[in-house]
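Have a look at the structure below before the remarks.
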Amino acid sequence: MTIQQVLLLLLLWMLLPHPCHTEMLFRRTPDLRPKSFGGRASGNDGKAIHRQKRGWMWNQFFLLEEYTGSDYQYVGKLHSDQDKGDGSLKYILSGDGAGTLFIIDEKTGDIHATRRIDREEKAFYTLRAQAINRRTLRPVEPESEFVIKIHDINDNEPTFPEEIYTASVPEMSVVGTSVVQVTATDADDPSYGNSARIIYSILQGQPYFSVEPETGIIRTALPNMNRENREQYQVVIQAKDMGGQMGGLSGTTTVNITLTDVNDNPPRFPQSTVHLRVPESSPVGTAIGSVKATDADTGKNAEVEYRIIDGDGTDMFDIVTQKDTQEGIIIVRKPLDYETRRLYTLKVEAENTHVDPRFYYLGPFKDTTIVKISVEDVDEPPIFSRSSYLFEVHEDIELGTIIGTVMARDPDSASSPIRFSLDRHTDLDRIFNIHSGNGSIYTSKPLDREISQWHNLSVIASEINNPKDTTRVPVYVRILDVNDNAPQFAVFYDTFVCENARAGQV
């Protein structure tokens, strides 16, 4: 027979249940007291105290759990040294499970277990034994206590407290980085054999992860694991008792591992040049477009800050970082004029705000793009040469006299002729008129300073090609006085004088 066959038979024999045949003897304990003690001792009250000899000597009973035989399982035998074998003694059992789980043959002292016992429910039972004279019913030995200890067998597989674990580890972690520890428990007796000695192994998840056999700590097993390539992993861990040997029981659990993001990707503009258009009439603060640099990272690792670092439009435009969309919004900083300048060029930079020094070797965590902004022409309304006009005229001028001229021009490159008109709501009496072609204002009715010293007019300039495009300007006309009124008495005087009044009398 080979050594391997011998070892296999030995292993099978160890796994088979073996009833424990133990005999407990009630024996007289020899008197080991020094002779100087004598047989008596005196108490505090002077009375003699008789030392009673110990009548029992015990060892533990051992019983194998999960017995599957058809007969009652034999536990052991109680025996007193007072038993002469003539049937005069009677053995009595009391305590945990006495009479139900454990029964005793009152004549022979043999103890049997009536049913299968599970050590995981109760590991030991404490009972008391008594031997009495069957005829007198008086004890022949003092009652003594003993223990039936249940021997463990490997009948419980390791179990994990959770069927599914969730864990995470930063991407690009070095090999051996701890991810999570899983721990299984085994209800078998850890102090007896290897029934509760657990060894961990990985069934699924290699070559990315490994597990420490003794501790259940899961660690990374590959370098440079990139979240952008794969984010989720499912690892199956097995816990096996009997030290992982053949024949051991096992349990498994699943660990879902997520690679968390680190800033290992710089922002990148998808285009080297971006073209935008803006109408020249756009007010200051108008958003004219956006640029966006893409970043494969997530969260704060993908946050970027945009800035204009060069170009001929740095004073005309600004850029604002939109936090929720991670875009750079370009806005108008100063008024635009198509006729003055039609194209601007900006150099825009996007840079990560949270940089990880470990990945500096991957290059600068920023990128640039060129933004070309074309200013589009807008049909602008006419522009007057002044913001307001003031004309002064004497009240005695002839009808049709020109009192002043307003001037306006079309600011567009394709200049359009201008037509002028008076807003009649500001000249209800139609005292004035205007030449539509040249903007000359003249009188159409006599002026009278004593009736109205000021006339506030509104002149409208509109493009002939686009009459809806109009501009207004206020025109103030001041009437100057001339001596065109004779003196008048304020009241009618009526008085009386006596007929005999003297010369010179008031």
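In case you wondered, yes, glycine gets a Cβ from its N, Cα and C as well.
Lifted from TrEMBL, the feature list:
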type	residues	note
DOMAIN	80-160	domain 'Cadherin'
DOMAIN	161-269	domain 'Cadherin'
DOMAIN	270-384	domain 'Cadherin'
DOMAIN	385-489	domain 'Cadherin'
SIGNAL	1-22	signal peptide
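Here the domain 'Cadherin' (270-384) has a mean pLDDT of 94 out of 100. Taking H, G and I as helix, E and B as strand and the rest as coil, DSSP gives the domain 'Cadherin' (385-489) the counts 3 helix, 45 strand, 57 coil. As a summary of secondary structure, the domain 'Cadherin' (161-269) carries 3 helix, 46 strand, 60 coil according to DSSP.
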